[in-house]
Amino acid sequence: MGRTQKKNSKGRLDRYYYLAKEKGYRARSSFKIIQINEKFGHFLEKSKVVIDLCAAPGSWCQVASNLCPVNSLIIGVDIVPMQPMPNVITFQSDITTEDCRSKLRGYMKTWKADTVLHDGAPNVGLNWVQDAFTQSHLTLQALKLAVENLVVGGTFVTKIFRSKDYNKLMWVFQQLFDKVEATKPPASRNVSAEIFVVCKGFKAPKKLDPRLLDPKEVFEELPDGPQNMQAKVYNPEKKTRKRDGYEEGDYLLYHTVPIMDFVKVEDPIQMLGTTNKFTLDKDDHEWKIVKKLKQTTPEFKACIEDLKVLGKKDFKMLLRWRKAARELLGLDKDEEQPEIETVPLTEEEQIEKELQEMQQKQNLKKKREKRKQNEIKQKEITRMQMQMITPTDLGIEAASIGRDSLFNLKTAEKTGILDDLARGKKRMVFTRDELAEDNEIQIDENAPLSDRDDLADADELESQLDAMYHQFKARRIERDAHFKAKEARGGDDDAWNGFDEVASDEEPEESKKDYVDDDDSDVSDSDSDEAINQLIAKIKGETGDKKLSAKARALFNDSIFDGVEADLPSEEPQAPASSEQGSKKRRLEEVSEESSSDEEEAEEESDSDFEIVRNEKDESDDDYDSEDEAERSQKEKHAREVDIATVEAMTLAHQLALGQRSKHDIVDEGFNRYSFRDRDNLPEWFLEDEKMHSKINKPITKEAAMAIKEKLKALNARPIKKVAEAKARKKMRALNRLEKLKKKAGLINDDSDKSEKDKAEEIAKLMKKVTKKAKLKPKVTLVVAKGKNRGLSGRPKGIKGKYKMVDGVMKNEQRALKRIAKKHRKKSKH
């Protein structure tokens, strides 16, 4: 008896068929769920309860039993019977019936499923439209079972046929799951219309709309919307063909309409889109009247003969003619609107109306202020989260709030908040009562509401412009690397702060500060500036004991340390007056203390009968040497800090070095027409634009440009950090090996049992190990495939190591490649 040949239509006996036979799976579809599981995060390995709907013959249940954790509950159900499987519960039932639901509840008890699988399909082959709808209906029933049994965050995998109901099902899935994705695994045949949808993150809504799982509601056919005839009339060139067939009862493609119907119709555009020709009835009385219009030209009569060839201009001409015809026939008469009598308001009603308007304006103002306060609070919260606790950041942020909310240092000093500001406290916006205590700050409550609204609108417009400018800068930073580097450096500061002078012995630093802060000085012209100076000095740690560092002075300037020094005993021993070991630093401190208390000395001199004369001590040669060393070190430090990086700076340095310019010339150049421009209360975008153009073009020299070029050449010639570090590591390893060699050689020399010859040989071996060269990569031997080597298979005779067979064709190809590369290089240069 001969063997029957198994059918192989659509390539059914493919490699997955044979793989399933080898692995022991019941069907090739098992590889579909394996590939889906690997692609979407191995959800089966995390599932303790799995339900497989339409499970026959059971291949997906086999995969689940292999991949799920031990002692997992796996249930398979199908309308046809299945062979039993180990670790899997199977029963026969229809998933669309109540019997299936009750059996599932009986097996699961109080558990919920982590994953629900569905690979079912109807018996196909009659009508594709009907088969696709039946599959979509079956998928919706499977989703209904999954919604009843899935745990929160569960996974649902189902099969769908590509059809017109696909998008409707996807919309339903997206309402119930967080993430919905369609996929087609490689195990699925390309000729098959099936695709698989993986829904992850079940939302488990408390109340579910029953229409969401009702097939009648989900797959309802919606009527088509009205045709866009306006697009046909105003864009006749763009034609989109839709093969929808004929309208019911109308089987003609050519339509003619009398011209007077076009005049009387309410929707002329609809008629123009569906009509091919307008006919003229010469016996019509109304046409005889309309024919006398000046718009009724021969061109008009030619256009109405074939409407399908007209353009936008021609259609507009027809609509203008229709409007003129309707006016002539009296069809566009405006409906007379009944006159509304206006009753004048009484005095009480007028007052009440004005009060309502004022109340509305007041409510708008309160709403605006509340919104501003919420924005300020939100900014403060963001600032605290970003740890922006420095007073500079707070002041910059508060400057955009407005005059009423802007803090004042003088008010802060009076209310006792200045110390909190120095410590970095966040509260900088004062209340209305605190501002009222200060006589300099007045809040105009009687200002008209309209003026205040205009000011608020102006502020809002300015803030919008600033925001737009910041967005522009952010986009430019992303696009332009040079601008990003410039912003990171902070840009060029045009403000000139004068020359930094080094404090001399005769005029210590503290005495200079006292001189600057004197009442006769012009720096502190107001109480506000004085408070600012005090706050800055307190923050920087300039006040306090000079023996401490700047950070320590800033710490001990805090108000919590006030009065602590009075309680602590003095631990500093007083040095005798005759001691000769006092350093120059000690003498500087004594001189600074004397110079900082000039007023007290003057009072003491007036009260005392003795005249106090300062003791002038001769400084030794060592002091002069130390002064020279200090001055030299300070110059070296200044040279390290100042880097001449531009051609202008190099030109200026050359001129100063050669005596062509002096310090006074540079100071005079600092006073120009751009120096004293008013920059207060100007927006940032305006200042940035002005900074680009409001600057003096300083001259440069050829020598300075060459010097900068040579400097950059030297910088570029230096190796990069990685190369330098690699060389240093290599050198360090060599030194370490040499040190080890020295130790070993010393041990060999100390060994008395060995002869001098043996010692020399061992030391030579050690030296050979240290100085051995790295292994060179073996070269590939090129063998020309001609003569006895032509058509040779295997290794040629007399060739050892790696080899490569070459011929004349390969040589020509290499030449051609070099020629093409050279041509491309020439093109790229142009």
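Keep in mind that glycine also has a Cβ here, set from the backbone N, Cα and C atoms.
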Exercise. Quick one: which of ASP119, ASP131 does Swiss-Prot put in the S-adenosyl-L-methionine site with GLY58, TRP60, ASP78, ASP94?
Key: ASP119
Quiz item: Greatest CA-CA distance (Å) over the residues GLY58, TRP60, ASP78, ASP94, ASP119 that the record ties to S-adenosyl-L-methionine?
Solution: 18
Practice problem: Any same-chain residues 6+ apart from LYS159 (active site, proton acceptor) with CB under 8 Å of its CB? Would you list them in sequence order, or say none? | Solution: HIS118, ASP119, GLY120, ALA121, GLN135, THR139, GLU194, ILE195, PHE196, VAL197
Quiz item: Which Cβ among the binding-site residues (ASP78, ASP94, ASP119) has the fewest C-beta neighbours inside 10 Å?
Solution: ASP94
Quiz item: If you count the C-beta atoms lying within 10 Å of each candidate's C-beta, which of the binding-site residues GLY58, TRP60 ends up with the smallest number?
Solution: GLY58
